[in-house]
Amino acid sequence: MTIQSNSLEFGSTENGSKQDGKVNSLPAHPKKWDIVWRELIIFTIFHITAVRGLYLFITVAKWQTCIFAFLLYIATTTSVTVGAHRLWSHKAFQAKLPLKVILLFFFTMAFQYSAVIWARLHRMHHKYLDTDADPHNAGRGFFFSHIGWMLIKKHPEYRAHKVDISDLMQDPLLRFQHKHYWEVLFIAFFLIPTYVPTLWGEQSSTAFYTCVCLRYVCGLHSIWLVNSAAHMWGTKPYDKNIRAVETKIVSMLAAGEGFHNYHHTFPWDYRIAEFGDYSLNLGKLFIDTMAKIGWAYNLKSVPDELIEKRVKRTGDGTHPVWGWDDPDLPLEDKRMSIVK
């Protein structure tokens, strides 16, 4: 759920062209790993500095700095899942101006490029799911879907230019962020997280390594797990015909995004899950809170009847039952139960 920097120009394909042919939905044939060295070097540097940040976080960083770094991790991860994902990619709810500004600020701090580009790639992921036109097609393996897709040139069937984002470009805030991305990034990603800890006496270098580098890399991997693990290991109670699965650990790390089989079945549902309390769905908690103060509205969700029909039609049989009168509870289980 992030994109490489040359995606600001929408990049090039593996053969240097953009093609409009039929999408290949069959198992992927061997692909070229034509490395984009700039991306590989940048990500390598960030991971090295993150290791340094982890060391400082454990050994010398002030407790205020540690808390600040953790809060920034929560804020940036939530801004990706709530803002770039549920609000702008799927239009699962609408937001008032103050909420838009907050989400866009922390999304910029997350350094996953402009919201317009992020949403375009994500809409493409849904439109061409599990095909060669899917930017991070899980059919090409864990490493590719997790990070590899950002380190190599795009597949010939890559077709971001075919995905409509005209609705996003009509938003003046998103246009501004897209046009002035690098200037805003310097302030939100580097300057503020480095400066704020110095207010309580932290060394600026320690602040940089912990609140910028370590926080950034941890946030990236949490979001990347949605593209990789949440398309590989888990159950498929809503649609057994797609790779997306339900995995709680990813939900814990990425503000609720691990309920991915449900999400790909009902991508317009702001809850992104049928079950799960707020402890596993921080994104839903945030949106519900914003709705209570009037900053989020027109929250879209899926009725139970529609969910039940889809579970029976395409589910893999792992959909949980809520209790005795649940129609999904097998009759045989009822007969064998003890009722006193």
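Cβ atoms here come from the backbone N, Cα and C positions, even for glycine.
What you see is a predicted model, and the numbers here were worked out from it, not measured in a lab.
Taken from TrEMBL as is:
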type     : residues : note
COMPBIAS : 1-18     : compositional bias 'Polar residues'
DOMAIN   : 62-267   : domain 'Fatty acid desaturase'
REGION   : 1-23     : region 'Disordered'
TRANSMEM : 40-58    : transmembrane segment
TRANSMEM : 65-85    : transmembrane segment
TRANSMEM : 97-119   : transmembrane segment
TRANSMEM : 181-200  : transmembrane segment
TRANSMEM : 206-226  : transmembrane segment
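Sequence-distant residue pairs (6 or more apart) of the transmembrane segment (40-58) and the transmembrane segment (206-226) include at least 3 whose Cβ atoms are under 8 Å, placing the two stretches in contact. Same-chain residues lying 6+ beyond the ends of the transmembrane segment (65-85) with a Cβ under 8 Å from its Cβ atoms: 1, 57, 100, 102-107, 109-110, 112, 115, 118-119, 122, 193, 196-197, 200, 202, 206-207, 210-211, 214-215, 218-219, 222-223, 253-257, 272, 282-283, 286-287.
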